[in-house]
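Visitor: Next up is a structure, given as structure tokens.
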């Protein structure tokens, strides 16, 4: 059995490309369709109801393109909208929060976990809930980091300015002696080096991206929905769609994905 | 790093030995300490508060024996007590409900899942909650099967009597067109053959035991808590403790575990 339909992946902008990269790396024969809502990025400071509606429109668009599953590669959208979306569509939908939370539960030794996230994700307590559904005895400290995304999108991913901002966010987590920290925003893998330096070698840094890609592979394989290639060279193609300027998406996006972005179509979804 | 402490596993009686068997099969170098609360079995028809207290006493006993983690290999106890126990002890504790629920979410194609369980587990809606924390759009049908455990413990694991009882429990699930059914009690793997026959090849039967053993391995390996053997023959030992007649435990237990049970110590926990 072969299911050639693409995997749909969406994010408010380019951050979700870190998740797409992990999916393409682990499942090279799968077609993917990525949607970046660049016209309305960022979602972090918005109202949850607004984010829910944006997410609904985008999943509807992806379903119209006949995707076999949807990955919400945006912590903010996953935290705000995942449950509503799962109840609204027949296609399976997963987010990035649960896989990241699960990894933290598996990794922490002292059962003290930190989460770095956007304001909306931190306020939603989505990670805390996801961790507690697995281990109710783990202490979860969620830290909103509103300055990270603007800095990263400006290309500032290391150096004294970023370090000073990061130190401010990490200090409360370190004071609470967490030994596992989840990067609860798809932008943050780009600044994992300075974060690691500040936290030190004893604290494990968890990126939801890799964990989510593992879950995608497990679901497709268990359901018999993987695409079977014609031969080993028959790799899956990647299609990119965004809601604003395609060139800007391609330029900014190639920083998040280790390959050049070839075709970007602006969508009339929204 | 090697952590030679045993893995603690407990159940109300012998059913949890199906979980222990999977753990020993996948992690042959681990020492295990199994506690069967045979003096107070079955937990299924009891009050949740009572089950919570029994579970608390037993985990305290296991912690005193210096286990490195606890597996609640009893759906009833996991459903009633897991969260309370996780908040009460420092050692990591996992149940069988969440791994089984996760496998069902990964396997169902039509997003309609059935659960066969004892009365208390079914009433607790623990599987429904665990499934919905992963996919809020999945329909979950929980069926209480009070006659299964007594039949299985009498050695009736197939034949017309068991089939007729099973058909009655399965009919409502089949009418709802579930395509994945969780065996939500550790006794039920012993009757998977007749259940499979009635459900037919299109419905996937999920045993929590294997899924739970996978999760145990993942947690110990990620935390660096596996035991390192001296050589390939240095397999882990298995210790059995029960709260009532040891001989009866050994006789009944060997039906659940594919090896002879050697040492059974009656415990003064309770």
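The backbone N, Cα and C atoms fix where each Cβ goes, and this holds for glycine too.
OK, TrEMBL features for this one:
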BINDING   B:11, B:12, B:43, B:44, B:75, B:76, B:186, B:187  substrate binding site
ACT_SITE  B:74  active site, proton donor/acceptor
ACT_SITE  B:185  active site, proton donor/acceptor
Visitor: For residue B:75 (substrate binding site), just give me the three-state DSSP call.
Guide: helix
Visitor: Within 10 Å of the Cβ of residue B:187 (substrate binding site), how many other Cβ atoms can you find? Include all protein chains, please.
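Guide: Within a 10 Å radius of the Cβ of residue B:187 (substrate binding site) lie 28 other Cβ atoms.
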Visitor: State the Cα to Cα distance, in Å, between residue B:185 (active site, proton donor/acceptor) and residue B:75 (substrate binding site), rounded to an integer.
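Guide: The Cα atom of residue B:185 (active site, proton donor/acceptor) is 6 Å away from the Cα atom of residue B:75 (substrate binding site).
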Visitor: Check the binding-site residues B:11, B:43, B:75, B:76 for other C-beta atoms within 10 angstroms of each C-beta and report the one with the most.
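Guide: The residue with the densest Cβ neighbourhood is B:75.
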Visitor: Same chain, not part of B:11, B:12, B:43, B:44, B:75, B:76, B:186, B:187: whose C-beta falls within 8 angstroms of the C-beta centre of the substrate site? Give them in sequence order.
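Guide: Checked against the 8 Å cutoff, the neighbours are B:13, B:15, B:16, B:41, B:42, B:74, B:77, B:118, B:121, B:149, B:185.
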Visitor: Reported as an integer number of Å, what is the Cα distance between residue B:186 (substrate binding site) and residue B:74 (active site, proton donor/acceptor)?
Guide: 6
